[in-house]
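Q: Taken from Swiss-Prot, the feature region 'Disordered' applies to 1-115, 165-184, 531-553. Annotation source Swiss-Prot lists topological domain 'Cytoplasmic' at 1-409, 682-692, 737-747, 795-802. According to Swiss-Prot, the phosphoserine annotation covers Ser90, Ser113, Ser117, Ser323, Ser325, Ser328. As annotated by Swiss-Prot, compositional bias 'Basic and acidic residues' applies to 94-106. Per Swiss-Prot, the feature region 'Involved in interaction with FRMD8' maps to 191-271. Taken from Swiss-Prot, the feature transmembrane segment covers 410-430, 661-681, 693-713, 716-736, 748-768, 774-794, 803-823, and the record attributes it to sequence analysis. Per Swiss-Prot, the feature topological domain 'Lumenal' maps to 431-660, 769-773, 824-856; the stated evidence is sequence analysis.
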Amino acid sequence: MASADKNGGSVSSVSSSRLQSRKPPNLSITIPPPEKETQAPGEQDSMLPEGFQNRRLKKSQPRTWAAHTTACPPSFLPKRKNPAYLKSVSLQEPRSRWQESSEKRPGFRRQASLSQSIRKGAAQWFGVSGDWEGQRQQWQRRSLHHCSMRYGRLKASCQRDLELPSQEAPSFQGTESPKPCKMPKIVDPLARGRAFRHPEEMDRPHAPHPPLTPGVLSLTSFTSVRSGYSHLPRRKRMSVAHMSLQAAAALLKGRSVLDATGQRCRVVKRSFAFPSFLEEDVVDGADTFDSSFFSKEEMSSMPDDVFESPPLSASYFRGIPHSASPVSPDGVQIPLKEYGRAPVPGPRRGKRIASKVKHFAFDRKKRHYGLGVVGNWLNRSYRRSISSTVQRQLESFDSHRPYFTYWLTFVHVIITLLVICTYGIAPVGFAQHVTTQLVLRNKGVYESVKYIQQENFWVGPSSIDLIHLGAKFSPCIRKDGQIEQLVLRERDLERDSGCCVQNDHSGCIQTQRKDCSETLATFVKWQDDTGPPMDKSDLGQKRTSGAVCHQDPRTCEEPASSGAHIWPDDITKWPICTEQARSNHTGFLHMDCEIKGRPCCIGTKGSCEITTREYCEFMHGYFHEEATLCSQVHCLDKVCGLLPFLNPEVPDQFYRLWLSLFLHAGVVHCLVSVVFQMTILRDLEKLAGWHRIAIIFILSGITGNLASAIFLPYRAEVGPAGSQFGLLACLFVELFQSWPLLERPWKAFLNLSAIVLFLFICGLLPWIDNIAHIFGFLSGLLLAFAFLPYITFGTSDKYRKRALILVSLLAFAGLFAALVLWLYIYPINWPWIEHLTCFPFTSRFCEKYELDQVLH
């Protein structure tokens with residue numbers, strides 16, 4: 001046994017020596033004393049605050065024990081009551097390569113599959129996922145803010161929770177108070193290198209000091225159930241326009257301009273905020289009163305040159321009657337003079353600047369759900385009884401930044417300015433503008449010609465220019481049957497035409513026999529016996545279609561009519577001759593004359609006419625110098641502009657459905673859109689975010705343009721009319737979803753319906769596309785039910801939301817598919833629907849509006 005012990009002892013000594021030899025030289029192990037030994041100095045430590053005890057505990061412990069805590073047993077480690085005061089301040093020694101390699105690697109996790117990720121992302125997008133509670137609360141908070149601004153007053157309970165700062169959850173309505181929130185570190189940009197510091201603060205442990213900044217919530221005030229901080233009005237100076245209006249009003253009334261513009265500057269200037277006290281303000285104790293307001297000495301009026309305008313709460317403080325006094329937690333009224341007095345006056349260093357910085361750091365104007373700009377105009381409000389679950393959802397809402405609104409407004413303004421500078425401005429007004437001028441016509445004489453143009457009351461370019469830029473115009477989107485028939489009739493007439501040569505050798509032009517003078521001109525038309533042969537090798541087959549002025553298969557070298565490429569006996573199928581024979585005299589009457597007229601595309605329906613260049617330019621047409629026949633040009637391709645058609649006979653510019661959303665008919669039209677976007681669109685985007693609003697804006701605009709292309713095919717329309725009514729539909733959906741929250745929901749519904757009805761009646765006037773308004777509103781209504789945030793009022797409401805999302809998306813897909821089929825496959829013609837966009841109040845009220853779905 002002794003030998004065994006001896007051997008065992010020797011083995012243990014050898015192993016310990018080996019371990020000591022392997023111990024890294026930079027490893028130091030220090031075992032701290034037990035916790036009760038460190039807290040033994042006396043009972044006076046127990047009377048100190050918890051943070052102060054932790055600071056003393058931290059100073060009494062060695063500073064090297066936290067460097068290598070892995071070597072200490074867990075039983076010897078002290079229990080951390082407050083981890084914020086037990087952070088190590090010692091520097092770690094550089095670790096060797098052996099220590100770095102010995103660290104444990106994190107474990108591997110199985111990555112979610114693509115289908116699971118897509119399914120989870122879709123559920124979070126529509127707000128039906130299981131872990132979407134926090135996001136849903138944020139949506140609900142934002143929706144309450146929007147409702148309070150747009151749809152009137154809320155219920156009383158919901159309004160009180162809405163006035164809470166974002167750090168306080170509305171669910172804390174009982175006797176328990178939440179834990180104090182940690183105030184973020186705020187850096188004063190005006191401190192010029194001086195840190196915020198208490199005057200008596202030394203480099204020693206101390207208890208947290210009460211805040212010296214007046215008018216701002218302290219750390220302990222965040223534990224209160226009700227705080228008056230959210231009642232502070234926003235600091236806002238008068239704009240230049242406001243001061244100009246006041247100055248103009250003062251001049252009209254005979255007053256001094258300085259008195260009118262300086263009314264707000266008569267108060268005593270201060271760079272700090274007065275203490276705010278409200279009737280419903282309830283705090284936890286008297287310490288908050290002592291640490292949140294000025295002493296009597298600091299309430300005196302002292303001039304300040306830091307800020308030029310009066311502070312935020314100064315004007316708000318003056319509006320409170322002197323009879324109003326705050327109430328302590330015990331229910332005892334505190335006099336006003338004692339309420340604004342601090343027990344211990346301290347130095348003023350850093351107080352006033354800190355109040356400004358903290359106010360702007362915590363102050364964020366939020367958008368209430370269901371209440372927004374329109375709700376503020378219509379004085380809507382929440383009802384008084386709202387459950388705590390709904391209140392928690394409303395409290396957690398934050399406002400998005402309206403990136404899409406600013407981008408869209410910038411694009412609209414820039415494009416409108418570029419269009420005006422490039423294409424100019426058409427005649428302004430509501431009637432027809434007639435221009436008369438003497439123009440050289442086909443017969444070689446000057447004639448009086450009228451050009452009728454529709455005036456544009458939007459102060460912008462003409463309809464032809466808007467079509468060329470990308471306006472909604474059905475003949476450019478798909479093949480139109482009536483325009484195709486019109487082109488076929490013109491080609492039939494051209495097939496029987498001939499060359500009219502003037503006898504005085506003044507020129508020639510392609511025309512009909514009835515339009516050529518029998519005495520002053522010679523009409524050249526091939527007959528069965530006078531026409532040239534089809535091919536030089538077969539002289540028996542003669543041509544009967546022709547002749548064409550300045551074009552003949554016998555003289556054209558490129559493309560040549562020979563072999564397998566013989567030109568057909570139909571002049572409407574002849575190609576453009578790019579190279580003629582180099583000979584001054586061919587011996588053919590229709591070839592040796594000077595041609596006076598060539599094809600000209602006039603109007604917006606693809607109509608072609610062989611005429612002079614002067615007449616074509618006067619009629620704002622497109623003159624084709626290279627062609628001799630109308631069948632050789634494609635007028636619709638030239639009128640539509642943008643990208644050329646893949647097949648010249650088949651229009652395919654379907655991208656006009658969304659391209660026209662960024663165009664405007666004029667400056668006034670653009671200003672109306674900018675005002676709408678900076679009020680309604682901006683307010684909705686703060687609620688739902690740019691991605692959701694962008695989807696609703698674009699899809700509802702495309703749907704409205706698609707319907708307008710079906711029912712008003714020959715009317716060029718630009719602007720986001722369908723998108724704007726889709727956003728108005730979002731207001732209705734938001735009203736329906738926040739119906740249980742509003743105090744008077746029916747009044748809000750009637751007010752909003754009156755606005756939409758008024759806009760619909762305005763759409764009965766000319767030049768306003770009511771078809772796009774109607775279908776944009778329907779599509780926006782369906783999309784808003786699927787994409788807008790939704791406040792749930794229970795488990796059944798959550799399942800109802802899922803069903804509503806599915807039904808809304810299916811209904812929108814069905815509506816969009818039906819419109820596509822009606823546009824491309826089964827065109828419909830409902831003449832009565834024209835009255836929805838221009839009602840004929842008189843016999844000539846909608847004249848020249850180009851509403852007819854039948855071309856003449």
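Every residue gets a Cβ built from N, Cα and C, even glycine.
Help me understand the surroundings of these features in the structure.
A: Proximity of Ser113 (phosphoserine) to non-local residues of its own chain (separation of 6 or more, Cβ distance below 8 Å) is seen for none.
Of all Cβ atoms in the protein chains displayed, 11 besides its own lie within 10 Å of the Cβ of Ser117 (phosphoserine). A helical conformation is recorded for Ser117 (phosphoserine) in the three-state DSSP classification.
Away from its own ends, the transmembrane segment (410-430) comes close to residues 453, 455-457, 459-462, 465, 469, 662-664, 666-667, 670, 673-674, 677, 766 of its chain (Cβ-Cβ under 8 Å, at least six residues beyond either end).
In the predicted model, the topological domain 'Lumenal' (431-660) has a mean pLDDT of 90.
The list of residues near the region 'Disordered' (531-553) in space but at least 6 beyond its ends in sequence, with Cβ under 8 angstroms from a Cβ of it, reads 495, 498-501, 508-510, 524-525, 561-562, 566-567, 569-571, 574, 577, 586, 588, 590-591, 593, 595, 628-629.
Panel annotation: around the transmembrane segment (661-681), residues 373-374, 402, 404-405, 408-409, 411-413, 415-416, 419-420, 425, 456-461, 466, 469-471, 693, 697-698, 701-702, 705, 718-720, 723-724, 727-728, 731, 767 of the same chain, lying at least six beyond its termini, place a Cβ under 8 Å from a Cβ of the stretch.
If you look at the topological domain 'Cytoplasmic' (682-692), the same-chain residues 6 or more away from its ends with a CB under 8 A from one of its CBs are 142-143, 145-146, 149-150, 367, 369, 372-374, 399-405, 727, 730-731, 734, 787-789.
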Q: Can you count helix, strand and coil residues in the region 'Disordered' (531-553) using DSSP?
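A: For the region 'Disordered' (531-553), the helix, strand and coil counts are 0 helix, 10 strand, 13 coil.
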Q: Which range out of 748-768, 774-794, 803-823 gives the transmembrane segment (716-736) the most CB pairs under 8 Å?
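A: Stretch with maximum Cβ contacts: 774-794.
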Q: According to DSSP, how is the topological domain 'Cytoplasmic' (737-747) divided among helix, strand and coil residues?
A: 7 helix, 1 strand, 3 coil
Q: What does DSSP give as the helix, strand and coil breakdown of the topological domain 'Lumenal' (769-773)?
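A: Per-class counts: 4 helix, 0 strand, 1 coil.
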Q: So how many of the residues in the topological domain 'Cytoplasmic' (682-692) end up helix, strand or coil by DSSP?
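A: So the counts come to 10 helix, 0 strand, 1 coil.
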